[in-house]
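Novice: OK, TrEMBL features for this one:
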- 38-68: transmembrane segment (TRANSMEM)
- 42-256: domain 'ABC transmembrane type-1' (DOMAIN)
- 89-108: transmembrane segment (TRANSMEM)
- 128-153: transmembrane segment (TRANSMEM)
- 190-209: transmembrane segment (TRANSMEM)
- 234-257: transmembrane segment (TRANSMEM)
- 290-310: transmembrane segment (TRANSMEM)
- 341-360: transmembrane segment (TRANSMEM)
- 372-393: transmembrane segment (TRANSMEM)
- 405-425: transmembrane segment (TRANSMEM)
- 452-475: transmembrane segment (TRANSMEM)
- 506-530: transmembrane segment (TRANSMEM)
(Lines of atoms letter the chains of each structure in order from A and count residues from 1; the text may use other names and numbers.)
(Lines give C-alpha, C1' and ligand atoms only; values in the text may rest on other atoms or scores of the structure.)
Protein backbone atom coordinates (compact mmCIF):
# COMPACT_ATOMS: atom_id res chain seq x y z
CA UNK A 1 0.00 0.00 0.00
CA UNK A 2 2.78 2.41 0.90
CA UNK A 3 4.60 1.84 -2.40
CA UNK A 4 1.34 2.30 -4.30
CA UNK A 5 0.57 5.63 -2.65
CA UNK A 6 4.17 6.83 -3.06
CA UNK A 7 4.08 5.70 -6.69
CA UNK A 8 1.08 7.99 -7.19
CA UNK A 9 2.45 10.88 -5.11
CA UNK A 10 5.83 11.23 -6.87
CA UNK A 11 4.41 11.66 -10.41
CA UNK A 12 2.14 14.41 -9.08
CA UNK A 13 5.33 16.42 -8.47
CA UNK A 14 6.69 15.62 -11.92
CA UNK A 15 8.93 12.68 -10.97
CA UNK A 16 8.07 9.78 -13.31
CA UNK A 17 11.38 8.20 -14.45
CA UNK A 18 9.87 5.42 -16.57
CA UNK A 19 8.28 8.11 -18.77
CA UNK A 20 11.33 10.40 -18.84
CA UNK A 21 10.25 12.90 -16.16
CA UNK A 22 13.04 13.40 -13.60
CA UNK A 23 12.59 16.97 -12.31
CA UNK A 24 10.46 17.74 -9.27
CA UNK A 25 7.97 20.54 -9.92
CA UNK A 26 4.63 21.82 -8.67
CA UNK A 27 3.41 22.97 -12.09
CA UNK A 28 1.06 20.03 -12.46
CA UNK A 29 -0.85 21.13 -9.39
CA UNK A 30 -1.38 24.51 -11.07
CA UNK A 31 -2.56 22.72 -14.22
CA UNK A 32 -4.97 20.63 -12.16
CA UNK A 33 -6.59 23.65 -10.48
CA UNK A 34 -7.00 25.23 -13.91
CA UNK A 35 -8.55 22.11 -15.46
CA UNK A 36 -11.82 22.86 -17.31
CA UNK A 37 -14.92 21.86 -15.34
CA UNK A 38 -13.04 21.07 -12.13
CA UNK A 39 -15.65 22.69 -9.90
CA UNK A 40 -18.41 20.66 -11.57
CA UNK A 41 -16.38 17.48 -11.09
CA UNK A 42 -15.91 18.17 -7.40
CA UNK A 43 -19.58 19.14 -6.96
CA UNK A 44 -20.80 15.93 -8.65
CA UNK A 45 -18.42 13.91 -6.49
CA UNK A 46 -19.59 15.56 -3.26
CA UNK A 47 -23.29 15.28 -4.13
CA UNK A 48 -23.17 11.65 -5.27
CA UNK A 49 -20.92 10.52 -2.43
CA UNK A 50 -22.85 12.45 0.18
CA UNK A 51 -26.15 11.01 -1.04
CA UNK A 52 -24.69 7.50 -1.01
CA UNK A 53 -23.46 7.50 2.58
CA UNK A 54 -26.54 9.39 3.83
CA UNK A 55 -29.04 7.06 2.14
CA UNK A 56 -27.28 3.84 3.12
CA UNK A 57 -26.84 4.88 6.77
CA UNK A 58 -30.30 6.40 7.21
CA UNK A 59 -31.96 3.39 5.59
CA UNK A 60 -30.00 1.04 7.87
CA UNK A 61 -31.06 3.02 10.95
CA UNK A 62 -34.70 3.09 9.84
CA UNK A 63 -34.91 -0.60 8.95
CA UNK A 64 -33.30 -1.76 12.18
CA UNK A 65 -35.38 0.61 14.30
CA UNK A 66 -38.71 -0.36 12.74
CA UNK A 67 -38.37 -4.02 11.73
CA UNK A 68 -35.97 -5.60 14.23
CA UNK A 69 -37.43 -8.95 15.39
CA UNK A 70 -40.62 -8.33 13.39
CA UNK A 71 -42.17 -10.63 10.79
CA UNK A 72 -40.17 -8.84 8.07
CA UNK A 73 -36.87 -9.14 9.88
CA UNK A 74 -36.27 -12.77 8.90
CA UNK A 75 -36.69 -11.85 5.23
CA UNK A 76 -34.16 -9.05 5.58
CA UNK A 77 -31.63 -11.34 7.27
CA UNK A 78 -32.03 -14.08 4.67
CA UNK A 79 -31.59 -11.77 1.70
CA UNK A 80 -28.77 -9.53 2.91
CA UNK A 81 -26.07 -11.95 1.74
CA UNK A 82 -27.50 -12.36 -1.80
CA UNK A 83 -27.88 -8.58 -2.00
CA UNK A 84 -24.27 -8.16 -0.92
CA UNK A 85 -23.20 -10.69 -3.57
CA UNK A 86 -24.84 -8.59 -6.30
CA UNK A 87 -21.94 -6.98 -8.23
CA UNK A 88 -21.95 -3.20 -8.24
CA UNK A 89 -21.78 -2.91 -12.02
CA UNK A 90 -24.61 -5.42 -12.54
CA UNK A 91 -26.84 -3.56 -10.08
CA UNK A 92 -26.07 -0.25 -11.78
CA UNK A 93 -26.93 -1.74 -15.17
CA UNK A 94 -30.19 -3.13 -13.78
CA UNK A 95 -31.15 0.31 -12.41
CA UNK A 96 -30.12 1.90 -15.70
CA UNK A 97 -32.62 -0.37 -17.48
CA UNK A 98 -35.26 0.96 -15.08
CA UNK A 99 -34.76 4.72 -14.96
CA UNK A 100 -33.65 5.73 -18.47
CA UNK A 101 -36.24 7.76 -20.41
CA UNK A 102 -37.17 4.53 -22.22
CA UNK A 103 -36.73 2.36 -19.14
CA UNK A 104 -39.13 -0.03 -17.48
CA UNK A 105 -40.52 2.53 -15.02
CA UNK A 106 -41.43 4.94 -17.82
CA UNK A 107 -42.95 2.06 -19.80
CA UNK A 108 -45.15 1.31 -16.78
CA UNK A 109 -46.25 4.95 -16.57
CA UNK A 110 -46.96 4.91 -20.32
CA UNK A 111 -49.71 2.35 -19.64
CA UNK A 112 -51.69 5.11 -17.89
CA UNK A 113 -50.41 8.31 -19.53
CA UNK A 114 -50.70 8.34 -23.36
CA UNK A 115 -48.42 11.39 -23.61
CA UNK A 116 -45.52 9.06 -22.65
CA UNK A 117 -45.90 6.99 -25.85
CA UNK A 118 -42.58 8.49 -26.89
CA UNK A 119 -39.60 8.61 -24.50
CA UNK A 120 -39.59 11.85 -22.48
CA UNK A 121 -36.58 14.17 -22.37
CA UNK A 122 -35.79 13.40 -18.75
CA UNK A 123 -32.23 13.48 -17.38
CA UNK A 124 -32.69 10.50 -15.09
CA UNK A 125 -29.28 9.08 -16.05
CA UNK A 126 -26.01 11.02 -16.35
CA UNK A 127 -27.50 14.02 -14.54
CA UNK A 128 -25.11 16.88 -13.90
CA UNK A 129 -24.99 16.52 -10.10
CA UNK A 130 -24.81 12.71 -10.02
CA UNK A 131 -27.97 12.31 -7.94
CA UNK A 132 -29.00 9.05 -9.62
CA UNK A 133 -25.46 7.79 -9.03
CA UNK A 134 -25.68 8.68 -5.33
CA UNK A 135 -29.07 7.01 -4.86
CA UNK A 136 -27.92 3.79 -6.55
CA UNK A 137 -24.70 3.75 -4.53
CA UNK A 138 -26.71 4.21 -1.33
CA UNK A 139 -29.02 1.30 -2.18
CA UNK A 140 -26.05 -0.92 -3.07
CA UNK A 141 -24.12 -0.15 0.12
CA UNK A 142 -27.22 -0.74 2.28
CA UNK A 143 -26.76 -4.55 2.67
CA UNK A 144 -23.09 -4.09 3.60
CA UNK A 145 -23.87 -1.60 6.37
CA UNK A 146 -26.76 -3.75 7.62
CA UNK A 147 -24.53 -6.83 7.84
CA UNK A 148 -21.92 -4.79 9.70
CA UNK A 149 -24.65 -3.52 12.03
CA UNK A 150 -25.74 -7.11 12.68
CA UNK A 151 -22.16 -7.96 13.55
CA UNK A 152 -21.96 -4.92 15.85
CA UNK A 153 -25.15 -6.06 17.59
CA UNK A 154 -23.17 -9.01 18.95
CA UNK A 155 -21.17 -6.50 21.01
CA UNK A 156 -24.35 -4.92 22.44
CA UNK A 157 -27.07 -6.71 24.39
CA UNK A 158 -29.89 -5.51 22.14
CA UNK A 159 -32.66 -7.60 23.71
CA UNK A 160 -31.89 -6.40 27.22
CA UNK A 161 -31.64 -2.77 26.13
CA UNK A 162 -35.02 -3.04 24.40
CA UNK A 163 -36.62 -4.48 27.52
CA UNK A 164 -35.14 -1.84 29.82
CA UNK A 165 -36.01 1.00 27.46
CA UNK A 166 -39.60 -0.14 27.04
CA UNK A 167 -39.97 -0.53 30.81
CA UNK A 168 -39.07 3.17 31.09
CA UNK A 169 -41.85 4.07 28.67
CA UNK A 170 -39.83 4.41 25.47
CA UNK A 171 -41.22 3.14 22.19
CA UNK A 172 -38.95 0.43 20.64
CA UNK A 173 -38.09 2.80 17.80
CA UNK A 174 -36.85 5.42 20.27
CA UNK A 175 -34.94 2.76 22.20
CA UNK A 176 -33.04 2.10 18.97
CA UNK A 177 -32.54 5.77 18.13
CA UNK A 178 -31.53 6.96 21.60
CA UNK A 179 -29.88 3.96 23.26
CA UNK A 180 -28.83 1.24 20.81
CA UNK A 181 -27.64 3.17 17.75
CA UNK A 182 -25.39 5.50 19.78
CA UNK A 183 -23.60 2.33 20.91
CA UNK A 184 -23.56 0.72 17.45
CA UNK A 185 -22.14 3.67 15.52
CA UNK A 186 -18.70 3.55 17.21
CA UNK A 187 -18.62 -0.21 16.52
CA UNK A 188 -19.38 0.50 12.84
CA UNK A 189 -16.77 3.23 12.43
CA UNK A 190 -14.57 1.24 10.04
CA UNK A 191 -17.40 0.05 7.73
CA UNK A 192 -18.86 3.56 7.51
CA UNK A 193 -15.47 5.08 6.68
CA UNK A 194 -14.96 2.35 4.07
CA UNK A 195 -18.30 3.29 2.46
CA UNK A 196 -17.22 6.94 2.45
CA UNK A 197 -13.94 6.06 0.72
CA UNK A 198 -15.71 3.96 -1.89
CA UNK A 199 -18.65 6.31 -2.55
CA UNK A 200 -16.50 9.36 -3.25
CA UNK A 201 -14.06 7.49 -5.52
CA UNK A 202 -16.19 4.95 -7.39
CA UNK A 203 -15.49 4.61 -11.13
CA UNK A 204 -17.43 1.70 -12.62
CA UNK A 205 -20.92 2.77 -11.43
CA UNK A 206 -20.03 6.41 -12.19
CA UNK A 207 -19.25 5.48 -15.79
CA UNK A 208 -22.64 3.77 -16.09
CA UNK A 209 -24.91 6.26 -14.30
CA UNK A 210 -22.85 9.35 -13.43
CA UNK A 211 -22.40 12.66 -15.28
CA UNK A 212 -20.28 12.64 -18.40
CA UNK A 213 -19.36 16.22 -19.37
CA UNK A 214 -17.70 16.78 -17.02
CA UNK A 215 -17.66 13.47 -15.11
CA UNK A 216 -17.05 12.89 -11.44
CA UNK A 217 -13.53 13.54 -10.22
CA UNK A 218 -12.66 9.81 -9.99
CA UNK A 219 -13.76 9.17 -13.59
CA UNK A 220 -11.83 12.23 -14.79
CA UNK A 221 -8.71 10.94 -13.02
CA UNK A 222 -9.19 7.59 -14.73
CA UNK A 223 -9.46 9.34 -18.11
CA UNK A 224 -6.24 11.26 -17.44
CA UNK A 225 -4.47 8.04 -16.48
CA UNK A 226 -5.68 6.41 -19.73
CA UNK A 227 -4.54 9.30 -21.93
CA UNK A 228 -1.82 8.73 -24.52
CA UNK A 229 -0.23 12.04 -23.48
CA UNK A 230 2.17 11.35 -20.63
CA UNK A 231 1.64 14.78 -19.09
CA UNK A 232 -2.04 13.95 -18.68
CA UNK A 233 -1.05 10.95 -16.59
CA UNK A 234 0.91 13.23 -14.27
CA UNK A 235 -2.20 15.40 -14.06
CA UNK A 236 -4.11 12.27 -13.10
CA UNK A 237 -1.65 11.67 -10.28
CA UNK A 238 -2.34 15.18 -8.97
CA UNK A 239 -6.07 14.47 -9.09
CA UNK A 240 -5.58 11.16 -7.28
CA UNK A 241 -3.64 12.88 -4.49
CA UNK A 242 -6.29 15.60 -4.18
CA UNK A 243 -9.05 12.97 -4.08
CA UNK A 244 -7.15 11.16 -1.32
CA UNK A 245 -6.93 14.39 0.69
CA UNK A 246 -10.62 15.14 0.07
CA UNK A 247 -11.63 11.67 1.23
CA UNK A 248 -9.48 12.01 4.33
CA UNK A 249 -11.15 15.32 5.20
CA UNK A 250 -14.59 13.75 4.78
CA UNK A 251 -13.59 10.84 7.04
CA UNK A 252 -12.46 13.27 9.74
CA UNK A 253 -15.73 15.13 9.28
CA UNK A 254 -17.68 11.92 9.87
CA UNK A 255 -15.69 11.16 13.02
CA UNK A 256 -16.52 14.62 14.34
CA UNK A 257 -20.19 14.15 13.46
CA UNK A 258 -20.21 10.75 15.16
CA UNK A 259 -18.79 12.27 18.32
CA UNK A 260 -21.50 14.92 18.25
CA UNK A 261 -24.26 12.35 17.69
CA UNK A 262 -23.25 9.94 20.44
CA UNK A 263 -21.34 12.26 22.77
CA UNK A 264 -22.36 14.79 25.34
CA UNK A 265 -23.45 17.29 22.72
CA UNK A 266 -26.18 14.95 21.43
CA UNK A 267 -29.00 16.77 23.24
CA UNK A 268 -31.64 14.97 21.18
CA UNK A 269 -30.72 11.77 23.04
CA UNK A 270 -31.70 13.20 26.42
CA UNK A 271 -34.69 15.41 25.56
CA UNK A 272 -37.17 13.05 27.22
CA UNK A 273 -39.19 12.23 24.07
CA UNK A 274 -40.35 8.62 24.40
CA UNK A 275 -42.93 7.90 21.71
CA UNK A 276 -43.65 11.08 19.71
CA UNK A 277 -43.91 10.49 15.96
CA UNK A 278 -43.48 6.72 16.45
CA UNK A 279 -46.39 6.06 14.08
CA UNK A 280 -44.73 8.28 11.50
CA UNK A 281 -41.49 6.34 11.89
CA UNK A 282 -43.38 3.09 11.31
CA UNK A 283 -45.02 4.42 8.16
CA UNK A 284 -41.66 5.72 6.97
CA UNK A 285 -40.11 2.31 7.63
CA UNK A 286 -42.77 0.44 5.66
CA UNK A 287 -42.59 2.86 2.74
CA UNK A 288 -38.78 2.59 2.78
CA UNK A 289 -38.93 -1.19 2.84
CA UNK A 290 -41.24 -1.41 -0.15
CA UNK A 291 -39.22 1.12 -2.14
CA UNK A 292 -35.94 -0.70 -1.48
CA UNK A 293 -37.35 -4.11 -2.30
CA UNK A 294 -39.09 -2.69 -5.35
CA UNK A 295 -35.88 -1.27 -6.81
CA UNK A 296 -33.86 -4.42 -6.08
CA UNK A 297 -36.46 -6.86 -7.47
CA UNK A 298 -37.23 -4.84 -10.59
CA UNK A 299 -33.50 -4.33 -11.25
CA UNK A 300 -32.98 -8.10 -11.30
CA UNK A 301 -36.09 -8.64 -13.45
CA UNK A 302 -35.00 -5.98 -15.94
CA UNK A 303 -31.63 -7.67 -16.38
CA UNK A 304 -33.30 -11.04 -16.98
CA UNK A 305 -35.84 -9.60 -19.43
CA UNK A 306 -33.22 -7.78 -21.49
CA UNK A 307 -30.93 -10.82 -21.48
CA UNK A 308 -33.60 -13.07 -23.02
CA UNK A 309 -35.53 -10.57 -25.14
CA UNK A 310 -35.40 -10.48 -28.91
CA UNK A 311 -37.79 -7.63 -29.71
CA UNK A 312 -38.80 -5.01 -27.14
CA UNK A 313 -40.12 -1.82 -28.67
CA UNK A 314 -41.02 1.27 -26.70
CA UNK A 315 -43.55 1.69 -25.05
CA UNK A 316 -44.26 -2.07 -24.68
CA UNK A 317 -44.21 -3.05 -21.01
CA UNK A 318 -42.75 -6.51 -21.68
CA UNK A 319 -40.83 -7.84 -24.70
CA UNK A 320 -42.99 -8.91 -27.58
CA UNK A 321 -40.62 -11.76 -28.40
CA UNK A 322 -38.09 -13.77 -26.40
CA UNK A 323 -35.10 -15.58 -27.87
CA UNK A 324 -31.68 -17.04 -27.05
CA UNK A 325 -30.20 -15.87 -30.36
CA UNK A 326 -28.26 -12.96 -28.88
CA UNK A 327 -26.84 -15.12 -26.10
CA UNK A 328 -25.79 -17.81 -28.55
CA UNK A 329 -24.17 -15.21 -30.79
CA UNK A 330 -21.89 -14.15 -27.93
CA UNK A 331 -21.55 -17.58 -26.32
CA UNK A 332 -17.85 -18.06 -27.15
CA UNK A 333 -16.85 -14.70 -25.73
CA UNK A 334 -19.15 -15.19 -22.75
CA UNK A 335 -17.69 -18.60 -21.89
CA UNK A 336 -14.14 -17.23 -22.19
CA UNK A 337 -14.93 -14.36 -19.83
CA UNK A 338 -16.72 -16.71 -17.44
CA UNK A 339 -13.67 -18.94 -17.32
CA UNK A 340 -11.35 -16.00 -16.67
CA UNK A 341 -13.63 -14.51 -14.01
CA UNK A 342 -14.12 -17.83 -12.20
CA UNK A 343 -10.40 -18.58 -12.22
CA UNK A 344 -9.42 -15.16 -10.88
CA UNK A 345 -12.15 -15.15 -8.24
CA UNK A 346 -11.50 -18.69 -6.96
CA UNK A 347 -7.71 -18.37 -6.91
CA UNK A 348 -7.85 -14.98 -5.20
CA UNK A 349 -10.41 -16.14 -2.63
CA UNK A 350 -8.62 -19.39 -1.77
CA UNK A 351 -5.26 -17.65 -1.36
CA UNK A 352 -6.88 -14.84 0.63
CA UNK A 353 -8.72 -17.32 2.88
CA UNK A 354 -5.55 -19.23 3.68
CA UNK A 355 -3.68 -16.00 4.46
CA UNK A 356 -6.48 -14.74 6.71
CA UNK A 357 -6.74 -18.05 8.56
CA UNK A 358 -3.02 -18.05 9.17
CA UNK A 359 -3.11 -14.46 10.36
CA UNK A 360 -6.09 -14.93 12.68
CA UNK A 361 -4.48 -17.99 14.23
CA UNK A 362 -1.32 -16.03 15.04
CA UNK A 363 -0.54 -14.70 18.48
CA UNK A 364 -2.98 -12.14 19.83
CA UNK A 365 -0.27 -9.54 20.27
CA UNK A 366 0.56 -9.76 16.58
CA UNK A 367 -3.04 -10.19 15.46
CA UNK A 368 -4.30 -6.75 16.50
CA UNK A 369 -1.36 -4.99 14.86
CA UNK A 370 -1.73 -6.97 11.64
CA UNK A 371 -5.50 -6.61 11.40
CA UNK A 372 -5.32 -2.85 11.72
CA UNK A 373 -3.23 -2.74 8.54
CA UNK A 374 -5.38 -5.26 6.72
CA UNK A 375 -8.28 -2.84 6.44
CA UNK A 376 -6.16 0.02 5.05
CA UNK A 377 -7.10 -0.73 1.39
CA UNK A 378 -10.74 -0.07 2.27
CA UNK A 379 -9.87 3.43 3.48
CA UNK A 380 -7.89 4.60 0.44
CA UNK A 381 -9.57 5.48 -2.89
CA UNK A 382 -8.61 2.94 -5.52
CA UNK A 383 -7.57 5.56 -8.08
CA UNK A 384 -5.21 7.08 -5.48
CA UNK A 385 -3.34 3.80 -5.09
CA UNK A 386 -3.58 1.67 -8.22
CA UNK A 387 -1.58 3.95 -10.53
CA UNK A 388 1.43 3.66 -8.24
CA UNK A 389 0.74 -0.07 -7.84
CA UNK A 390 0.76 -0.43 -11.63
CA UNK A 391 4.16 1.29 -11.69
CA UNK A 392 5.36 -1.33 -9.19
CA UNK A 393 4.02 -4.18 -11.35
CA UNK A 394 5.72 -2.77 -14.45
CA UNK A 395 9.02 -2.58 -12.56
CA UNK A 396 8.83 -6.33 -11.85
CA UNK A 397 7.38 -7.25 -15.28
CA UNK A 398 4.14 -8.42 -13.63
CA UNK A 399 1.69 -6.16 -15.48
CA UNK A 400 -0.75 -8.14 -17.60
CA UNK A 401 0.09 -11.40 -15.81
CA UNK A 402 -2.15 -13.62 -13.70
CA UNK A 403 0.17 -13.06 -10.74
CA UNK A 404 -0.19 -9.29 -10.95
CA UNK A 405 -3.98 -9.39 -11.30
CA UNK A 406 -4.44 -11.87 -8.44
CA UNK A 407 -2.16 -9.71 -6.31
CA UNK A 408 -4.23 -6.61 -7.08
CA UNK A 409 -7.46 -8.47 -6.24
CA UNK A 410 -6.00 -9.86 -3.01
CA UNK A 411 -5.47 -6.33 -1.71
CA UNK A 412 -9.25 -5.83 -1.62
CA UNK A 413 -10.43 -9.40 -1.06
CA UNK A 414 -8.44 -10.06 2.13
CA UNK A 415 -10.08 -7.28 4.22
CA UNK A 416 -13.58 -8.53 3.39
CA UNK A 417 -12.70 -12.15 4.13
CA UNK A 418 -11.25 -11.01 7.43
CA UNK A 419 -14.42 -9.05 8.24
CA UNK A 420 -16.52 -12.14 7.47
CA UNK A 421 -14.38 -14.59 9.46
CA UNK A 422 -12.78 -12.71 12.35
CA UNK A 423 -15.85 -12.72 14.61
CA UNK A 424 -16.40 -16.47 14.34
CA UNK A 425 -12.79 -17.32 15.11
CA UNK A 426 -12.75 -14.85 17.99
CA UNK A 427 -15.81 -16.41 19.66
CA UNK A 428 -14.87 -20.05 18.97
CA UNK A 429 -14.78 -22.06 22.20
CA UNK A 430 -11.18 -23.30 22.38
CA UNK A 431 -12.18 -26.02 24.85
CA UNK A 432 -13.37 -28.15 21.92
CA UNK A 433 -9.89 -28.04 20.44
CA UNK A 434 -8.23 -28.62 23.81
CA UNK A 435 -10.30 -31.74 24.51
CA UNK A 436 -9.71 -33.07 20.99
CA UNK A 437 -5.96 -32.55 21.31
CA UNK A 438 -5.89 -34.33 24.68
CA UNK A 439 -7.80 -37.30 23.26
CA UNK A 440 -5.87 -37.62 20.00
CA UNK A 441 -2.45 -36.27 20.93
CA UNK A 442 -2.23 -34.63 17.49
CA UNK A 443 -2.81 -30.86 17.52
CA UNK A 444 -2.84 -30.42 13.74
CA UNK A 445 -5.23 -33.33 13.26
CA UNK A 446 -7.55 -31.88 15.91
CA UNK A 447 -7.37 -28.45 14.34
CA UNK A 448 -8.49 -29.65 10.91
CA UNK A 449 -10.92 -32.34 12.02
CA UNK A 450 -12.61 -30.44 14.84
CA UNK A 451 -12.15 -26.67 14.63
CA UNK A 452 -12.23 -26.36 10.86
CA UNK A 453 -15.16 -28.79 10.68
CA UNK A 454 -17.18 -26.75 13.16
CA UNK A 455 -16.26 -23.53 11.34
CA UNK A 456 -17.04 -24.92 7.89
CA UNK A 457 -20.09 -22.70 7.39
CA UNK A 458 -18.38 -19.35 8.20
CA UNK A 459 -15.33 -20.42 6.19
CA UNK A 460 -17.55 -21.25 3.21
CA UNK A 461 -19.35 -17.94 3.62
CA UNK A 462 -16.04 -16.04 3.80
CA UNK A 463 -14.88 -17.79 0.61
CA UNK A 464 -18.11 -16.77 -1.12
CA UNK A 465 -17.59 -13.18 0.04
CA UNK A 466 -14.10 -13.27 -1.46
CA UNK A 467 -15.46 -14.53 -4.79
CA UNK A 468 -18.11 -11.79 -4.87
CA UNK A 469 -15.55 -9.08 -4.09
CA UNK A 470 -13.12 -10.39 -6.71
CA UNK A 471 -15.82 -10.59 -9.40
CA UNK A 472 -16.78 -6.96 -8.73
CA UNK A 473 -13.24 -5.59 -9.08
CA UNK A 474 -13.04 -3.18 -12.02
CA UNK A 475 -10.10 -0.80 -11.56
CA UNK A 476 -7.66 -3.43 -10.19
CA UNK A 477 -8.31 -5.57 -13.28
CA UNK A 478 -7.80 -2.62 -15.64
CA UNK A 479 -4.59 -1.39 -14.02
CA UNK A 480 -2.98 -4.76 -13.33
CA UNK A 481 -4.28 -6.41 -16.50
CA UNK A 482 -2.73 -3.73 -18.75
CA UNK A 483 -5.58 -4.25 -21.21
CA UNK A 484 -4.64 -7.89 -21.84
CA UNK A 485 -7.10 -9.53 -19.47
CA UNK A 486 -10.85 -8.90 -19.50
CA UNK A 487 -13.45 -10.11 -17.02
CA UNK A 488 -17.23 -10.00 -16.97
CA UNK A 489 -17.12 -6.77 -14.97
CA UNK A 490 -14.80 -4.87 -17.32
CA UNK A 491 -16.81 -6.08 -20.31
CA UNK A 492 -20.16 -5.19 -18.75
CA UNK A 493 -19.00 -1.65 -17.93
CA UNK A 494 -17.64 -1.12 -21.44
CA UNK A 495 -20.95 -2.32 -22.93
CA UNK A 496 -23.01 0.01 -20.72
CA UNK A 497 -22.74 2.84 -23.25
CA UNK A 498 -23.74 0.57 -26.13
CA UNK A 499 -27.04 0.81 -27.98
CA UNK A 500 -27.99 -2.87 -27.66
CA UNK A 501 -29.36 -3.44 -24.15
CA UNK A 502 -29.79 -7.14 -24.94
CA UNK A 503 -26.03 -7.68 -25.08
CA UNK A 504 -25.51 -5.58 -21.96
CA UNK A 505 -28.20 -7.58 -20.14
CA UNK A 506 -26.55 -10.88 -21.04
CA UNK A 507 -23.18 -9.87 -19.61
CA UNK A 508 -24.81 -8.29 -16.55
CA UNK A 509 -26.72 -11.52 -15.91
CA UNK A 510 -23.56 -13.60 -16.32
CA UNK A 511 -21.75 -11.31 -13.88
CA UNK A 512 -24.58 -11.77 -11.39
CA UNK A 513 -24.71 -15.56 -11.70
CA UNK A 514 -21.10 -16.17 -10.65
CA UNK A 515 -21.29 -14.89 -7.04
CA UNK A 516 -24.85 -16.17 -6.53
CA UNK A 517 -23.83 -19.71 -7.46
CA UNK A 518 -20.86 -19.40 -5.11
CA UNK A 519 -23.10 -18.24 -2.26
CA UNK A 520 -25.49 -21.11 -2.95
CA UNK A 521 -22.67 -23.64 -2.79
CA UNK A 522 -21.33 -22.01 0.38
CA UNK A 523 -24.67 -22.44 2.13
CA UNK A 524 -25.39 -25.94 0.83
CA UNK A 525 -21.96 -27.55 1.21
CA UNK A 526 -21.88 -27.66 5.05
CA UNK A 527 -25.38 -29.15 5.17
CA UNK A 528 -24.48 -31.79 2.58
CA UNK A 529 -21.24 -32.79 4.32
CA UNK A 530 -22.56 -32.71 7.89
CA UNK A 531 -26.27 -33.31 7.36
CA UNK A 532 -26.18 -36.06 10.02
CA UNK A 533 -24.18 -33.94 12.46
CA UNK A 534 -26.31 -30.84 12.94
CA UNK A 535 -24.35 -29.72 16.03
CA UNK A 536 -20.98 -29.65 14.25
CA UNK A 537 -21.15 -25.90 13.60
CA UNK A 538 -21.31 -22.69 15.61
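A Cβ is built for glycine as well, from the same backbone N, Cα and C atoms used for every other residue.
Because TrEMBL annotations are produced automatically, they should be read as predictions rather than curated entries.
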Novice: Taking the transmembrane segment (290-310) as the reference, which of 38-68, 128-153, 234-257, 506-530 gives the largest number of Cβ pairs under 8 angstroms?
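Specialist: Highest pair count goes to 506-530.
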Novice: Which residues, given as numbers and ranges, are at least 6 beyond the ends of the transmembrane segment (89-108) yet have a Cβ under 8 Å from it?
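Specialist: Counting only partners 6 or more residues beyond its ends, the transmembrane segment (89-108) has Cβ contacts under 8 Å with 116, 119-122, 124-125, 132, 136, 139-140, 204-205, 208-209, 295, 298-300, 302-303, 305-306, 314-317, 472, 474, 489, 492-493, 496, 501, 504-505, 508-509, 511-512.
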Novice: Check the transmembrane segment (372-393) against the transmembrane segment (128-153) for contact, please; criterion is three or more CB pairs under 8 Å, pairs 6 or more apart in sequence.
Specialist: no
Novice: Mind checking which residues reach the transmembrane segment (341-360)? Cβ under 8 Å, same chain, six or more beyond either end.
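Specialist: Distal contacts: 367, 370-371, 374, 402, 405-406, 409-410, 413-414, 417-418, 421-422, 425, 459, 462-463, 466-467, 470-471, 477, 487-489, 511, 514-515, 518.
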